[in-house]
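J.: What TrEMBL records for 40-62, 82-101, 113-132, 144-166, 178-198, 210-228, 313-332, 352-373, 385-402, 422-445, 457-482 is transmembrane segment.
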Amino acid sequence: MGAGGEEVKVETKAFLEKREKSTAKKTLIVSMEPKDRFNVVYLIMLIQGVGTLLPWNMFITAHAYFQEKLKAHEDLKHSFENYFSVAAMVPNVLMFLLNTLFKHKVSLQVRMITSVCIMTLCFVLTTVLVVIDTKKWTTDFFYITIGTIILINMSSAIYQGGLFGVCGMMPPKYTGAVMTGQGVGGTFAALASIFSLLGGKDAVSSGFGYFMSAAVVLTLCLITYMMLNRLKFARHYIAPNSRRTEIKSPYSQSDQIERLANWQIPAVKRSGIIQNSNLSLDNEALLSVKFHPKEAEAFGNERPPFFVIFRQIFKLGSSVAFVFFVTLAAFPSLTSRIRSKHEDNGSEWTKIYFVPVTCFLLFNVGDFCGRLAASFTQWPGKDGYLLPILCFSRVVFLPLFALCNALPRPHGTPIFFHEDYFPIIFMVLFAISNGYLGSLCMMYGPSMVEPEHAETAGTMMAFMLIIGLGVGAGFSFVITMFL
């Protein structure tokens, strides 16, 4: 240690529990967290949640628009959603992996702002393509769209990874805010699609406002995220390399004291960056640790123990991965093929609005309700195996949807659920369970590790979620292949 180097004095404060019949009050003074006044940070995180899934939802719910744009190519007209799913999820998984491994190399601010800007520009390009006649170059239009989807979802992976990392450092309800926001984004996309059909002369002409609205929402996400660092409550949790080390934890005061004793102080000692310390939980007044500033900064930026963290969150991570594997295996490539039994009667409901309402709107509203419910009640808990069992039981939805009136069926497989109410009932249960169980897993995940690793745990949970989406998107080809 350089004796002439500037020393940074780190004060950690907390109150110890009173001991019976003790005349002396022994306290460990904890820096108390500021309040989230008017729930501004909560609302900002909810808006960010809207932005994370809005790009994907905009593409998958624009079913009528892309069918019209691709009608000159019969194969693409019926299978474009499968290609969209793979083009979205495979780059998403790869970029999430890179983001998890190398996130400490690039600042959070740069990652978040750059990714949102790229997504916004891609939606501007998509909006421009709406007004261009692409009938003579349908295949080229398809490839451009695929390229746009790849770029958007690479950026979205960085955006989501950073966002869930931020949430992991905050109390669990802020992860719930992001998950709820994702549900709002899906509902917004579904409603925008339906209103575009109602207000436009045709699916193509109505697509302009539909995609432009996505660019506007992403711009709002960028503005509100830049506000986040100005708020004291947010800075308390996410300000990097703060010269004042505080116990930034969503846990109770007694848990904070226990964790300080068990891991924070020993970890700092093991790092070798302590110049002078006199640490004792029995001491009155405050604990004082002196760091050499450059070495303290290196300690905060060192690579986290990925394998240890992964092992601690594996049960919940694998559960959330399977939840979204089932979701993407069925939705939207399979569920959007389900037609009304009365489609041939010529009504607008059965021919135009049945799929947008019973598939996209119903899923997103149910998903939103499930995510919102998880913010108010958390059952089952993170311990035990009931939650994983419920998550893995969702596999039953795959045969249920496949046995509905999903068309075309080139292999002539039988249909068991002919009536329109069957897919509606299945979709309600499918959507609510996706939102509720997925949110519980994501909220519980960061609490399975020490608070210093909560950001990494949150990012890893998001990575597991994306793996489930990617594998599910690939498996959707298998399901539709055997119809």
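Each residue, glycine too, has its Cβ placed from N, Cα and C.
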J.: Under an 8 Å Cβ to Cβ limit, what residues of the same chain, 6 or more beyond the ends of the transmembrane segment (113-132), are close to it?
T.: 51, 55, 58, 65, 141, 144-145, 148, 151-152, 155-156, 158-159, 162, 204, 207-208, 211-212, 214-215, 218-219, 221-222, 225-226
J.: Hey, which of 82-101, 313-332, 457-482 has the most Cβ-Cβ pairs under 8 Å against the transmembrane segment (144-166)?
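T.: Out of the listed stretches, 82-101 contacts the transmembrane segment (144-166) most.
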J.: Mind pulling out the one from 82-101, 210-228, 313-332, 385-402 with the most Cβ pairs under 8 angstroms to the transmembrane segment (457-482)?
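T.: That would be 313-332.
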J.: Three or more CB pairs closer than 8 Å, sequence separation of 6 or more: does that hold for the transmembrane segment (352-373) against the transmembrane segment (422-445)?
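T.: By the criterion, they touch.
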J.: So, does the transmembrane segment (40-62) come close enough to the transmembrane segment (210-228) to give 3+ Cβ pairs below 8 Å, pairs being at least 6 apart in sequence?
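T.: Judged by the Cβ rule, the two regions touch, with the required three close pairs present.
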J.: Which listed stretch (40-62, 82-101, 313-332, 385-402, 422-445) has the most C-beta pairs under 8 A with the transmembrane segment (178-198)?
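T.: Highest pair count goes to 40-62.
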J.: Between the transmembrane segment (313-332) and the transmembrane segment (422-445), are there three or more CB pairs that fall under 8 A, provided the residues in each pair are separated by 6 or more in sequence?
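T.: Yes, since the transmembrane segment (422-445) and the transmembrane segment (313-332) share at least 3 Cβ pairs closer than 8 Å, they count as touching.
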J.: How about long-range neighbours of the transmembrane segment (82-101): same chain, 6 or more residues beyond its ends, C-beta under 8 Å?
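T.: Distal contacts: 56, 59-60, 76, 111, 142, 146, 149-150, 152-154, 156-158, 160-162, 306, 328, 333, 456, 459-460, 462-463, 466-467, 469-470, 472-474, 476-477, 480.
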